[in-house]
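Annotated features, as they stand in Swiss-Prot:
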| type | residues | note |
| --- | --- | --- |
| SIGNAL | 1-31 | signal peptide |
| DOMAIN | 45-85 | domain 'EGF-like 1' |
| DISULFID | C49-C62 | disulfide bond |
| DISULFID | C56-C71 | disulfide bond |
| DISULFID | C73-C84 | disulfide bond |
| DOMAIN | 86-127 | domain 'EGF-like 2' |
| DISULFID | C90-C102 | disulfide bond |
| DISULFID | C98-C111 | disulfide bond |
| DOMAIN | 128-168 | domain 'EGF-like 3' |
| DOMAIN | 177-213 | domain 'EGF-like 4' |
| DOMAIN | 217-252 | domain 'EGF-like 5' |
| DOMAIN | 286-321 | domain 'EGF-like 6' |
| DOMAIN | 323-363 | domain 'EGF-like 7' |
| DOMAIN | 364-402 | domain 'EGF-like 8' |
| DISULFID | C368-C378 | disulfide bond |
| DISULFID | C389-C401 | disulfide bond |
| DOMAIN | 403-443 | domain 'EGF-like 9' |
| DISULFID | C407-C418 | disulfide bond |
| DISULFID | C414-C427 | disulfide bond |
| DISULFID | C429-C442 | disulfide bond |
| CARBOHYD | N659 | N-linked glycosylation site |
| DOMAIN | 809-921 | domain 'CUB' |
| DISULFID | C809-C835 | disulfide bond |
| REGION | 847-856 | region 'Interaction with the cholesterol-anchor of SHH' |
| DISULFID | C862-C883 | disulfide bond |
Amino acid sequence: MGVAGRNRPGAAWAVLLLLLLLPPLLLLAGAVPPGRGRAAGPQEDVDECAQGLDDCHADALCQNTPTSYKCSCKPGYQGEGRQCEDIDECGNELNGGCVHDCLNIPGNYRCTCFDGFMLAHDGHNCLDVDECLENNGGCQHTCVNVMGSYECCCKEGFFLSDNQHTCIHRSEEGLSCMNKDHGCSHICKEAPRGSVACECRPGFELAKNQRDCILTCNHGNGGCQHSCDDTADGPECSCHPQYKMHTDGRSCLEREDTVLEVTESNTTSVVDGDKRVKRRLLMETCAVNNGGCDRTCKDTSTGVHCSCPVGFTLQLDGKTCKDIDECQTRNGGCDHFCKNIVGSFDCGCKKGFKLLTDEKSCQDVDECSLDRTCDHSCINHPGTFACACNRGYTLYGFTHCGDTNECSINNGGCQQVCVNTVGSYECQCHPGYKLHWNKKDCVEVKGLLPTSVSPRVSLHCGKSGGGDGCFLRCHSGIHLSSDVTTIRTSVTFKLNEGKCSLKNAELFPEGLRPALPEKHSSVKESFRYVNLTCSSGKQVPGAPGRPSTPKEMFITVEFELETNQKEVTASCDLSCIVKRTEKRLRKAIRTLRKAVHREQFHLQLSGMNLDVAKKPPRTSERQAESCGVGQGHAENQCVSCRAGTYYDGARERCILCPNGTFQNEEGQMTCEPCPRPGNSGALKTPEAWNMSECGGLCQPGEYSADGFAPCQLCALGTFQPEAGRTSCFPCGGGLATKHQGATSFQDCETRVQCSPGHFYNTTTHRCIRCPVGTYQPEFGKNNCVSCPGNTTTDFDGSTNITQCKNRRCGGELGDFTGYIESPNYPGNYPANTECTWTINPPPKRRILIVVPEIFLPIEDDCGDYLVMRKTSSSNSVTTYETCQTYERPIAFTSRSKKLWIQFKSNEGNSARGFQVPYVTYDEDYQELIEDIVRDGRLYASENHQEILKDKKLIKALFDVLAHPQNYFKYTAQESREMFPRSFIRLLRSKVSRFLRPYK
């Protein structure tokens, strides 16, 4: 906005001034001068000063006399009392005694110092500020303090970037700015035709050779403590008249014989000057040497009164101010840490806590409320958090979950074949064998299938693919004979809305039963699995919540039909029989499709009538949002039924598993039947949460023909780690065990004991290193554990799950916000990996990057590094490059419109790596953003550093930077609650200066 567009406050000030002056003017108008208009004769003395009847100047003191009054100007003013004018102490040759700037104020003056200096205790001299003491001056490598300023320096092989703080690795070849011999003292800019152009940092001038930079008085006062003059040879230093030059030619020392001198040239008259000097010599005032006060001086009727600002205490001499160590008293009021600084103190918090805006209290950071904290479940603890994985998954990299390959550990406990599946596994048997009830052992099949066993069916539910999944299981006890051929097929139905349910298949006798082989006992035996993935549709009247929204539902039905070898005839061989059965199966599927389409597919489970409907049910606003499958309402929340219970739809609550059943998972709608022992008197326990709770099972180290008592101990040379098994595993290689009833391979008497990272080979009787992609944390094992999911190890012989790493490069690249992430973060990244990202923002937008922290091992001699350039060329303009660990955050803008980013690691040491967020902003704000990120105050305070590490606060800042209109989403109160006052003041001053540059 131009000047003409601003409000002109002149008229308002005139009205205000008139109102302030009106009462005194009225009093003066009614006052009578002494000796006029009074009655003759002796009268009581009137105190004109007390009644305000005097005509002394506003800057004068009124002293009552027996017959009148006397006016005299206050210290710091001159005149005869009825007219007083301010003395300009800064106008003399000594500049008021100030070595830098002297600011005249009514009745007094104040000394100020240039940037890079601080006022000494005498209130006149200026001392250098050592910026390197606070957070290394914000320098990435080395900070060097100089008079009036500081400089960042880089280690050998690096040069200082444009932001004057970070260091960039030099290239060995090429003619661009990335070459170590480009010749520029400060800033190198790419020029046309492959050449370079040099520029200097603010406060320096480019030398005639167009390469070197000459210091001027505009940068750090030219390195001079007091006065600086620019000459052809550079800055020339001089000292205030009351000081003498140090031998270093820059510092100034106080003279011992200095006295205050007043010359005729800087006084109104010689007489007035003499009076003023005499008065100040006779009476100590704040106008002379600040009254001797360290900080604040105030003239009173009894002389000067010294006081100290908050954070200091006045000493016994009544002049000196001493810093108060607030941390010595009740820890400064800080919850955790207190750090004393000159004139104040800072509170800090332990890791995992954040400082609240009162800048004293610490609050636990709820990491679980942030995005991307854990792959599956997150558990918040005071000061930390823990990730947990769903059943069938293993935690790696602290926060990630990968599928567990159960088959890699003792073949999953399977007697014959183990097949790993996502989130689970299953045991299978060779032809001629059937799976035992314990789902691990295999039993030889003898004779034909029985025809009189009534099937038992249950529905198993759990989380799958982000939703609820229900799996129909048959426990009919019907087994396949060795001459049976299996035909499998599946069909999927898609519906708009439905409810998981289960009922006998007799609902479709007209089509389904005739389609099945006649030699089998029941159609129900043909349902091997039915997979229902849907919303339960269960509504709880009267409970608070939103009405459920229509959801799509998928029902996958998988049929497994059996054909018997005895059906083969001379005219139709086994292949012919299979084709006929497939034809019947397709007919059965068509019948089922029609039933679903006609809404004749009705199922029932646990007292609930659960239907499949083509139209979504009507819901009232009072009806609560439906809970997931296997969940009930408790205190207006959906709670999964715990292990050992199931959800009963009729009673709408969790019920204990009845005798003879068990359930080892949460959120189920049925209980599994306990295996039936030959001894019918075996103990059955209600609320069984595991198969072993059913009672009567053989214990680890034991076995029997059916897995139930009576049991035998595993023979010498065998072991069994699980309960309810029908056999024991051999040690192999002719190895014996230390005793009967062994429960693990570690009980086998091997010739050598293998250390972690190895497994015992029973053929060669040697210890073999675990191959790449596996690990073994224990002694004396005969296997190695496969790494979870898509992870692998860097080398063979791994001993811990932490050595399993995901090699995928992480990150999300958006037009406005995004992040890049090293592989396996926050776990250690893998060896010999390479990642590249390209950030190409929309037109007229620039890139701001925040590196909260980065962990790269310095021991590798820069074998692992992160670099950000304009292009992949090593000679292109580089914005950032590092090969070290920095736990102190830094923010910077890209030197180019787009960024090519590369992370590379060698085969040496590893570390956590990084997660680096970025935001793109309107290029019109370039000057403002640069001003903010280059200000050392952004990083000086540990509290400010924590802001740049706080994912929630960074997200809010980036949200506003990317889309400024989002600023209005945050109220002023919210902003104050999110950020400390010092941070808001810093940003407000810079934004105000950016928006109103002429004020």
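Cβ from N, Cα, C; glycine included.
The domain 'EGF-like 5' (217-252) and the domain 'EGF-like 2' (86-127) are in contact, since at least 3 Cβ pairs between them lie under 8 Å (pairs 6 or more apart in sequence).
In terms of Cα spacing, the disulfide-bonded residues C71, C111, C414, C427 that come within 10 Å of C407 (disulfide bond) are C414, C427. Across 45-85, 128-168, 809-921, stretch 809-921 shows the highest tally of CB pairs under 8 A with the domain 'EGF-like 8' (364-402). Looking only at the domain 'EGF-like 6' (286-321), the predicted model's pLDDT averages out at 82. Touching of the domain 'EGF-like 6' (286-321) and the domain 'CUB' (809-921) is ruled out by the presence of fewer than three CB pairs under 8 A, sequence neighbours closer than 6 excluded. Using C84 (disulfide bond) as the reference Cα, a 10 A cut-off selects C56 from the disulfide-bonded residues C56, C62, C98, C809, C862. Annotated pair N659 (N-linked glycosylation site) and C111 (disulfide bond), C-alpha to C-alpha distance, rounded: 91 Å. When the Cα of C862 (disulfide bond) is compared against those of the disulfide-bonded residues C389, C429, C442, the shortest separation belongs to C389.
Counting Cβ atoms from all protein chains shown, C71 (disulfide bond) has 19 others lying within 10 Å of its own Cβ. Each residue of the domain 'EGF-like 1' (45-85) gets a DSSP state, and the totals for helix, strand and coil are 4 helix, 15 strand, 22 coil. Note on proximity: of the disulfide-bonded residues C71, C73, C883, the one nearest C368 (disulfide bond) is C883, by Cα distance.
Taking CA atoms as the reference points, C49 (disulfide bond) and C90 (disulfide bond) are 32 Å apart. Using a 10 Å Cα-Cα cut-off from C90 (disulfide bond), the disulfide-bonded residues that qualify among C98, C111, C427 are C98, C111. Distant neighbours of the region 'Interaction with the cholesterol-anchor of SHH' (847-856): 839, 841, 864-866, 868, 879-880, 882-894, 898-899, 911-921, 929, 933, 948-949, 954, 961; these residues of the same chain sit at least 6 beyond its ends, with a Cβ under 8 Å from one of its Cβ atoms. The two recorded residues, C71 (disulfide bond) and C62 (disulfide bond), have Cα atoms 5 Å apart.
Around C389 (disulfide bond), a 10 Å sphere centred on its CB holds 20 further CB atoms from the protein chains shown. Stretch with the most C-beta contacts under 8 angstroms to the domain 'CUB' (809-921), considering only 45-85, 86-127, 128-168: 128-168. For the disulfide-bonded residues listed here (C84, C111, C407, C442, C862), the lowest count of other CB atoms within 10 A around the CB belongs to C862.
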